[in-house]
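A quick write-up on the structure given underneath.
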Amino acid sequence: MKRPSGRAADQLRSIRITRNYTKHAEGSVLVEFGDTKVICTVSVENGVPRFLKGQGQGWLTAEYGMLPRATGERNQREASRGKQGGRTLEIQRLIGRSLRAALDMSKLGDLTLYVDCDVIQADGGTRTASITGAMVALVDALKVIKKRGGLKGGDPLKQMIGAVSVGMYQGEPVLDLDYLEDSAAETDLNVVMTSTGGFIEVQGTAEGAPFQPEELNAMLELAKKGMNEIFELQKAALAD
């Protein structure tokens, strides 16, 4: 088996995490997984949704979108269509669920964190790149809140979160699929993990033949290897 990119089966794409990418948001990152590029921002606002009022905890929610020409052909803006598509809703809910797992909301205070992930160039793995980059932006946003005198109840950050794709390509498990591989893969799996080794979400679909339990286990082991590298990259980015 030879991957189109020439990478080894267990090799990530080149990953770059650039912090403080925009000047207004409390946390902002440009994350690059190969040719996939996503701007992730975290904005802080006072108050919480109505369903949380009086409960003594904060909230985090996420939105996701793609520039019209993030892909090979221009896509119409969802705003001009008047509604978000099902894929967009699914991905932004995944991002929100994943990042909420990083926080103890009771220590956040009466604040809402808005995570915005905007894909400026797509070459596979946009949701996993979004989660990985937004996590770093979230850490920076928490630092800003603390500087402003917030987080009196302590640090709400419980653990780091990251995500990566794995799949069965030409009968072999491969890590971090780009678009060419993703479109031809027999199985595509998106894995969200914590820095302590737990799983937040595993989304898997067989496109060709059903995948077997041993193939699933092999893909999960590959995902864990990739996530260990991604957590080190997040750590290095935050150390700058």
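Any Cβ shown, glycine's included, is placed from N, Cα and C.
Here's what Swiss-Prot has on this protein:
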BINDING   R87, G125, T126, R127  phosphate binding site
Take the mean position of the Cβ atoms of R87, G125, T126, R127, the recorded phosphate site. Which other residues of that chain put their Cβ within 8 Å of it? Y64, I91, V119, A122, G124, T128, A129, S130, N190
Would you say which of the binding-site residues R87, R127 has the most Cβ atoms within 10 Å of its own Cβ? R127
Please classify the secondary structure at G125 (phosphate binding site) using three-state DSSP. coil
Which same-chain residues, if any, lie at least 6 apart from G125 (phosphate binding site) yet have Cβ under 8 Å of it: F33, T36, V164, S165, D176, L177, D178, D182
Including all protein chains displayed, how many Cβ atoms other than that of T126 (phosphate binding site) lie within 10 Å of its Cβ? 23
